[in-house]
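Asks: First the structure, which I've put down as structure tokens, then a few questions once you've had a look.
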Amino acid sequence: MAYSQIRLKILPSVRCLFDKLVQVKVEGLAPFKPVELRSKLVDDRGVTFKASALYKADETGQVDVSRAPSLGGSYTGVEPMGLFWAMAPDTLHSKLLKKNVLSPTQVEIAAVSGETGELLTSETNERGFMTEGMKRIPVKEGRIRGVLFIPPGEGPFPGIVDLYTLGGGLTEPRASLLASKGFVVLALAYYGYQDLPKNPKNLDLEYFEEAVTYLRSQPEVKGPGVGIISISHSGALALSMSSFFSGISATVCINSCSANTVIPLHYKDIVIPPLSPVVKNVKITDSGLVDIRDALPDPTLEKNRASLIPIERASCQFLFAVSEDDHNWNSAFFAKQAAAMLRNNGKESFQVVTYPKAGHFLEVPHMPYCPSGFHAAVGRAVVFGGEPKAHSEAQLDLWTRVQEFFKSHLDNKSTC
């Protein structure tokens with residue numbers, strides 16, 4: 001049959017936001033013939049991510065990925081977004097890097113004959129981070145370094161500080177996508193970015209206080225309080241900000257620790273030392289990767305209490321998101337501790353949401369799963385835990401919860 005009639009469609013459009021679901025369809029195939037679909041993207045570091053899945057055309061010569069099961073490849077079964085979340089890097093221990101959110105991530109999807117391996121047709125899905133009319137403003141205000149995202153339309157909007165993980169620099173995808181939902185978001189760097197220190201001896205909480213003050217003073221930001229979203233190492237910063245600052249209404253901690261880690265934290269005359277890891281608890285996996293899940297001791301033990309963040313002082317709402325298979329550290333244990341600290345002080349101002357087979361880096365939806373990667377504090381690759389499908393479902397669920405959490409707690413009058 002003539003290949004010219006074969007079409008690959010990405011619906012509703014080849015252009016969409018990164019967190020959106022698309023429908024991938026192939027039409028004009030020979031009925032009941034096998035076809036392999038392949039996805040591919042190159043990230044901002046030049047690392048290639050790929051997935052593939054084998055399908056069988058129906059009696060009309062169609063494959064609709066949202067309805068047809070994959071018979072083999074990177075995933076099996078009906079997975080509408082499998083070609084996206086199942087992508088794996090060709091370089092081990094690589095996490096997808098997106099530095100420039102002004103340009104979309106290009107995902108090429110190709111249909112290949114399951115019999116001859118010949119390319120039948122292809123199409124590119126442009127997955128963007130900025131909506132029409134959104135502003136991206138680099139921030140260099142006093143000591144503060146970061147990027148402010150302002151949604152289009154009539155404000156004022158709820159404001160959020162977005163803190164990313166250990167390793168320095170600035171990560172903008174989550175902040176820009178959150179802004180597309182009607183929030184003013186400050187993606188805040190805290191070291192290893194522009195003229196900020198590369199290897200700080202301590203972190204100064206007053207820097208973060210200046211950032212909160214800056215965000216709250218923006219005319220596009222509605223008060224009275226703002227939100228914080230954090231992941232991994234920055235979770236302790238978010239908890240500290242919620243405990244010591246006024247003007248914080250809602251705080252999200254994704255797979256974080258209830259104590260300070262890695263770098264001492266200073267606020268006025270208070271010093272919160274990092275929790276010291278127990279080296280003998282570090283394991284090596286069969287594949288030679290470091291597993292640090294149990295490296296941190298219990299911060300509530302007397303000798304470790306100085307590292308514990310005093311969250312009983314906080315009066316904002318908390319959302320603790322926990323991956324039970326997190327191998328960066330025991331997130332579930334730390335979230336339970338944080339919840340107990342609040343409850344013991346008469347506070348029910350928190351929710352804990354748990355994802356059984358997810359790993360450490362819960363990112364925006366459809367972001368490829370990252371099973372292992374370089375850890376800035378360990379100095380080598382560590383295992384992050386999780387299973388790709390469960391991890392992908394967790395990312396999707398959490399993204400909706402985060403938006404609902406901020407909408408419900410930043411649109412009312414409760415603040416710390």
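A Cβ is built for glycine as well, from the same backbone N, Cα and C atoms used for every other residue.
Pulled these features from TrEMBL for this protein:
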- Ser232: active site, charge relay system (ACT_SITE)
- Asp326: active site, charge relay system (ACT_SITE)
- His360: active site, charge relay system (ACT_SITE)
- 204-411: domain 'BAAT/Acyl-CoA thioester hydrolase C-terminal' (DOMAIN)
Asks: Looking only at C-alpha atoms, tell me how far Asp326 (active site, charge relay system) is from His360 (active site, charge relay system), rounded to the nearest Å.
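Replies: Here the two Cα atoms lie 5 Å apart.
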Asks: Taking the Cβ of Ser232 (active site, charge relay system) as centre, how many other Cβ atoms lie within 10 Å?
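Replies: Neighbour count, Cβ to Cβ under the 10 Å cut-off: 26.
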Asks: Take the domain 'BAAT/Acyl-CoA thioester hydrolase C-terminal' (204-411) and average the pLDDT across it for me.
Replies: 97
Asks: What Cα-Cα separation, expressed in whole Å, is found between His360 (active site, charge relay system) and Ser232 (active site, charge relay system)?
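Replies: Cα-Cα, rounded: 8 Å.
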